[in-house]
Each structure stands twice: as C-alpha cells, then as structure tokens.
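Structure first, then comments.
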Amino acid sequence: MQQFQLYINGKFEDGAAQFDSINPATGEIWAKMPEARTDQVNRAVDAAEQAFYDSSWSGLTASQRGKLLYKLADLVEKSAPRLAALETTDTGKIIRETSSQIAYVAEYYRYYAGLADKIEGSFIPVDKPDMQAWLVREPVGVVAAIVPWNSQLFLSAVKVGPALAAGCTVVLKASEEAPAPLLEFAKLIDEAGFPAGVVNVITGFGPECGAVLSAHPKVAHIAFTGGPETAKHIVRNSAENLAKVSLELGGKSPFIVFADTDINSALNAQIAAIFAATGQSCVAGSRLLIEESIKDEFLQRLAERVQSIKMGLPDDMQTEYGPLCTLKQREKIQQVVQRSVEQGAKLITGGQVCDGAGYYYPPTILDCSGVSDAQSIHTELFGPVLSVDTFSTEAEAIQKANSTPYGLASGVFTSNLTRAHRMTRAIRSGIVWLNTYRVVSPLAPFGGYGLSGHGREGGLSAALEYTTTKTVWLRMSDQPIDDPFVMR
C-alpha cells in the first residue's frame, strides 16, 4: 500500500496521523495519506513567512523566479505519466482526461514563468511640477492555496504559478478526499530547487487544517476553489485578520441552444459540458436551455449519443466515463434525481445507481420543461445530471439563464452573430463560450459572479491578484518647504 508525506520547509515528513484514501473505481483502500493538524499547519505557514523575507527568495530577480518556474514546468511534463496515473487512481477521473490535463498544468507554469519579469509598475503623471510619483507592485506575502479534489494539479497551477511569479510564498492545501497528486507534486517542487519554505504542501481535515490555515494571522491572501458553504467559512475565518480572499466557486451553468445552430456541434459540446469528468466540474453545463422548436429532435439525438458513451475502469485509455469520486456524492445525486422525478421531471436516460464495485452513476438527463421548481435545476450536483428546459424567445432564454445566484460559465450556440453579441452582454457569468464549451488557456482570465465567487485566475489578472501596490512620491525641488501646515 502506498504511503505519502507532507512537505514543510523543504523537508518531507509524516502527518500527525494517517487516513485512508479510497479508489473510487473499486471502493477499496489503495493508500495511506498524512493528516496535518494544527502544529504542522502553523509550521508550514511559519516556513512560508520566513522564506518570503529570506534573501534566498526575496533576493531573486523576477527572471530568476521565472527560471525556477520553467524548470518546474519541465518536471511536470517529464512526470506526466506518474501524475496522471495517481490522479486517476485517487479521484476516478479517466486517464484520457488526466493525461491531457497535465499538459495544461505544464503550460500554466510555463506561462507564469514568462510573466514573472513582466509584472510592472507605472509612472503617475501627477499635476505637481515639483513632484514625481510612481506605482510599484509588490508581492502580497504568504498565500494559502486551498483546492478541491477535482483537477487538483490544474487548480493548484492557476494559483501557485501566478503567486510564485509575483514573488509570494505558498502553503498549498490538497483536498483530503484525494490528495495524492499534490503530495507527489511536492517532489517536483523540491527537485526544481525552490528555496525551503517557498512552497509547502499539506493535507488534512477542515477543523484542524483548513480552518487553522484560513484563520492564520500570517496568511495575507487566501485563494480557494470549492463550494460556496466552505467559502463562507473561509471568509469568516479570514475576517479577523482582514486577509485578501479570492474565490472560484461552483455554478449552475446554462447551455443555450438556438434553432439556427449547427446541431452536431451543439450535441458534442453538450456531451463535453456535462458528461466529461463525469460532470464533476465547476463549469459543468448542467442546464440545457433549448429552443422549443428543436427540443424533441435534440433530446432524441442526445439520448442516443449518451447511450454510446463507454463507461469503464478509469485507467483504461478506451474508457470515456468513470466513477464519481465519493459514495457520499453518489448518494446526494441519486436523492436529488429521485426528488426531481417526484416533482414532475421526466427521466430521459440514467437515473439509477450502477451495479457492481465502485461509485459509478450513469449519464442522466431530466426533462424539466414546465417543472420550474425541480430540485435538479437549482442544485449544483457536481455530477452527470443534465436538467433540460425550453425557451421560445431570446428574452426568455436570458431570463432563465440568469435565474440562479451563480454566474461562473455559460455556453451559447447560435449562427447569428448579432444575437451572440447580445447574449454575451446579457448573461451574468464570468465566462461565455460561443459555439464551444470547456475551453481554457493560460492567457485567459477565469472566474465568476455572485455565488460563483470573485477574483480571477489565468492571464495577467491572476498575477496581479497576488500583488499589492505602493505609491512612491519624490520631491524634485531644492527649495525649502515653506509652510508645513498646508497640504501639498
């Protein structure tokens, strides 16, 4: 049975205790994970603070920090098979996805390596002839990066990459539900040659790990991806120290299909939007809003396509669809699906727990047309359940798309260019995908509105999240200050 360790102040160590990690494909224990408790969390933060001020890190130029990130990116690529296999075993995500996602992880680190020496200040043209002023951007300090189990390597890269590029130090908390990929990633941090304490990797449970980390007075910035309820706890914990908080939370993203679109493209994109990663994605397009005139044809073809999705063991490259991560998640999904059917939703496909080992749940489509209170329409399930509703006008599509407190992502399929522009203006979401879905790039900011959080990841915007500004004034005159009591 595999064993993993924490990484604190440049050294690997056992946790205060151990806990089991379950393989979602089999339901069996496959590894022992280290549990960090209060003392180890405190030591990780102390190490990060000490490293932040130590010349071995603070004395590096921006381009030198970039070189370390370039090396890390190369190591991620070199270790891709191992990292992908661990993520597949620990989370149940299919190897086809974890393998391809590792390439994105390397690209994000490479992008921020190149950006490190391009985080610039600016000259301020003040209206005072005897004064000059300029703006300096400085790293904010110790960053607590808290990520969920799904896509841990990717979701940590979009935090750790810009934080290190900006000159911050990091305590990275891996989800206790599947921490193996990030605990393995710590070995790459060590091999890349980052000074001790610059990046620390821990895992553990909420009360003695996450809560201690988010309330720590030495943490200057908390970057969190996860659910709104946990986010509220983090914000409350951080309030005592007024730490900066950036949140990338969940969503109930609308996937809007107009009758004038290319149906084949929309079908494939909808499959990707909700059934890729078994629906366990913050941007899952879990609400299909379909123009009424094409509903029957679209649903028939979608149901036929869903039946051909190959479910199987996640480590098989032929598998298209794997298990859910936890038994608890499967039980929640089944309860919501059953309740929605009781409320009047029509089951098109799926809806029953799969027989056999592992936490499998079939691709499920619920026709919720005319059942506006169906629970599946309003609940972020984090699973493979598509709720279908119709619209007859553009205004109705917009109203239904925005009828949620979330606002992370949306998809719009139409061949009408002016309509596409109108929809992007009207929809309240941080990302709008037009005639595509689930596309990312290191250059493009990512984030949401409302209960989907605030702050942005990706692009220059993300690096600036980890900086603070300092305004510097210089008096140019040789003349003495004549009146000290007058504001200049």
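Positions of Cβ are set from backbone N, Cα and C atoms, glycine also.
The record from Swiss-Prot ties Trp149, Asn150, Gly226, Gly227, Leu249 to NAD(+), and of the options Glu13, Glu380, Glu394 it ties Glu380 to that site too.
Among the binding-site residues Trp149, Gly227, Glu380, the ones whose Cα sits within 10 Å of the Cα of Cys282 (active site, nucleophile) are Gly227, Glu380, in sequence order. Cα to Cα, Gly227 (NAD(+) binding site) and Glu248 (active site, proton acceptor) are separated by 8 Å. Residue pairs drawn from Trp149, Asn150, Gly226, Gly227, Leu249, Glu380, the listed NAD(+) binders, are separated by up to 16 Å at the Cα level. Trp149 (NAD(+) binding site) sits 14 Å from Glu248 (active site, proton acceptor), taking the CA atoms of both as reference points.
One way to see the shell of the NAD(+) site is to take the Cβ centroid of Trp149, Asn150, Gly226, Gly227, Leu249, Glu380; the remaining same-chain residues with a Cβ within 8 Å of it are Pro148, Thr225, Thr230, Gly250, Cys282, Phe382.
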